[in-house]
Amino acid sequence: MLVLLAFIIIFHITSAALLFVATIDNAWWVGEEFFADVWRVCVNNTNCTEIDATYQDYPTMQAVQATMILSTILCCIAFLIFVLQLFRLKQGERFVLTSIIQLMSCLCVMIAASIYTDRREDLHKSNSDFYQQVQEGSYGYSFILAWVAFAFTFISGLMYLILRKRK
């Protein structure tokens, strides 16, 4: 049981770390001379432009930003609630609250990555002053980590739903 508990804790911390990196790091869309994420666009590693209200379809980027932040916060809250429930739940009860919050985190990261996947091409075409050479690129590792974090938070949420507190 102790090994299972350690595995679940490490899995959850890994999920949170993936969410932090995917949210913060600047590599959602990359190319030879540029890299971009949901916060800014950098060309030649020195010329960085913040994505702000002058950005066309700024509400779309705000939705991606907000859901990624919310996902990270929910994942951290789920971990704290898990630790509290570990000491407060009676034997035989399930970690349902932790599971619900972790699955909400999973839903948020899925929404953010899905919006970015769907709207990426339109965002780049309508903001040519931000993305002069950015249209010729590919998805970066932060975008991939967001999808991996989706899978990890989903699996983690299911593990909490199945897990019972034992002696």
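Count begins at 1; order follows the chain as displayed.
Each residue, glycine too, has its Cβ placed from N, Cα and C.
The signal peptide annotation in TrEMBL covers 1-16. Panel annotation: around the signal peptide (1-16), residues 72, 75-76, 78-79, 82, 86, 102, 149, 152-153, 155-156, 159-160, 163, 166-167 of the same chain, lying at least six beyond its termini, place a Cβ under 8 Å from a Cβ of the stretch.
What TrEMBL lists as transmembrane segment is 63-83 (among others). The list of residues near the transmembrane segment (63-83) in space but at least 6 beyond its ends in sequence, with Cβ under 8 angstroms from a Cβ of it, reads 12-13, 15-16, 19-20, 22-23, 38-39, 95, 97-98, 101-102, 104-106, 108-109, 111-112, 115-116, 146, 149, 153, 160.
Sequence annotations record features per position, and here TrEMBL assigns transmembrane segment to 95-116 (among others).
Annotation comment: TrEMBL describes 139-163 (among others) as transmembrane segment.
Sequence-distant contacts of the transmembrane segment (95-116) (same chain, at least 6 residues past either end, Cβ-Cβ under 8 Å): 12, 19, 22, 28, 38, 60, 63-64, 67-68, 70-72, 74-75, 77-78, 81-82, 85, 89, 143, 146-147, 149-150, 153-154, 156-158, 160-161, 163, 165.
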